[in-house]
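For reference, Swiss-Prot has these:
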TOPO_DOM  1-34  topological domain 'Lumenal'
CARBOHYD  Asn18  N-linked glycosylation site
TRANSMEM  35-55  transmembrane segment
DOMAIN    130-331  domain 'TLC'
TRANSMEM  174-194  transmembrane segment
TRANSMEM  205-225  transmembrane segment
TRANSMEM  263-283  transmembrane segment
SITE      Asn285  site 'Not glycosylated'
TRANSMEM  303-323  transmembrane segment
TOPO_DOM  324-384  topological domain 'Cytoplasmic'
REGION    335-384  region 'Disordered'
COMPBIAS  361-373  compositional bias 'Low complexity'
Amino acid sequence: MAGILAWFWNERFWLPHNVTWADLKNTEEATFPQAEDLYLAFPLAFCIFMVRLIFERFIAKPCAIALNIQANGPQTAQPNAILEKVFTAITKHPDEKRLEGLSKQLDWDVRSIQRWFRQRRNQEKPSTLTRFCESMWRFSFYLYVFSYGVRFLKQTPWLWNTRHCWYNYPYQPLTADLHYYYILELSFYWSLMVSQFTDIKRKDFGIMFLHHLATIFLITFSYVNNMARVGTLVLCLHDSADALLEAAKMANYAKFQKMCDLLFVMFAVVFITTRLGIFPLWVLNTTLFESWEIVGPYPSWWVFNLLLLLLQGLNCFWSYLIVKIACKTVSKGKVSKDDRSDIESSSDDEDSEPPGKKPHSSTTTNGTSGTNGYLLTGPCSVDD
């Protein structure tokens, strides 16, 4: 075990040339980031999760009810043993051939069977009230952590001149505010990693999981080798648009369409400006070029920058999706459902007739009535 730890914490990988871990031990004069500091993130992540449960129950839910957001779920599918067996044991999305077979077996029309499967799938979806509470929690946290980051960074020299991220590196003392900011962010992303498995399931689950994982790696990496100064710039930039998105979701759930549209436009502008403009031109410029000039490259420097480039790749992907929904918004006149939406269709869009005999109605091969579908957005949908 000692050999494995020695290999993992190899100074030639983690630190610049001619720097050792002994040089970064805490002294009476200065405190530096220590790897063991990060253990604090785990109990704090649990505390954040518990605070979230309390917040959603006693603050977000009353707010949702005050806005007339009901807890009613989607329409319940009519009990049917045959269809239930197919749904649970075979497929939740029957193809056209199976639909025709079930239609003959039950003497139902195909459209009624499609509706049954859609309603049955939607039974497992959370209510609008649940979505509102989840978004209100994220809005509150993102707003707080972004506000804290701005208040902290405006007092630092590296906000105004990024070369200060590398002067005297890695012998840069760790301040209490920087330590709190880092541990809070790391704890929140650990809580997201866990809660993602219990939250509303979205189609880009894998992408978001990769995003959270990359963020945790970045925070951990930059803390351990004391790249925390530039790390605070990355964190604050990537927090800047999140509160606007969650606010747009809340407006959408409350059916304040004009407010939703305005907030989404504000989110899109801030997101694209910060992640496609400021981040590469300001942050990547300092991590790739200014640090090379002042400190020089070393193995963990390459890994850190590769993680930042991975994050930028996700930013480009999400920006493309945001532009796509923005174009559709212009053509349709309002923000609509998107590809991350966990709702396949609204029961209000369907005929409410009960399953009956077959008057073969027109259907599409994908099992919808031809009017349901998804519009794409970015890292989080407006209607998810």
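Cβ atoms here come from the backbone N, Cα and C positions, even for glycine.
Not measured: the values here are computed from a predicted model.
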Neighbour-count leader, CB within 10 A, recorded positions: Asn18, Asn285: Asn285
Same-chain residues at least 6 beyond the ends of the transmembrane segment (303-323) whose Cβ lies under 8 Å from its Cβ atoms: 207, 210-211, 214-215, 217-218, 221-222, 225, 227, 234, 238, 267-268, 271-272, 275-276, 279-280, 283-284, 287-288, 338-339, 376-379
DSSP residue counts for the topological domain 'Lumenal' (1-34), split into helix, strand and coil: 15 helix, 0 strand, 19 coil
Pairwise CA distance, Asn285 (site 'Not glycosylated') versus Asn18 (N-linked glycosylation site), rounded so that it is a whole Å: 25
Model confidence over the topological domain 'Cytoplasmic' (324-384) (mean pLDDT, whole number): 47
Close approaches to the topological domain 'Lumenal' (1-34) from elsewhere in its chain (Cβ under 8 angstroms; 6 or more beyond its ends): 169-174, 179, 223-226, 228, 295-296, 298-301
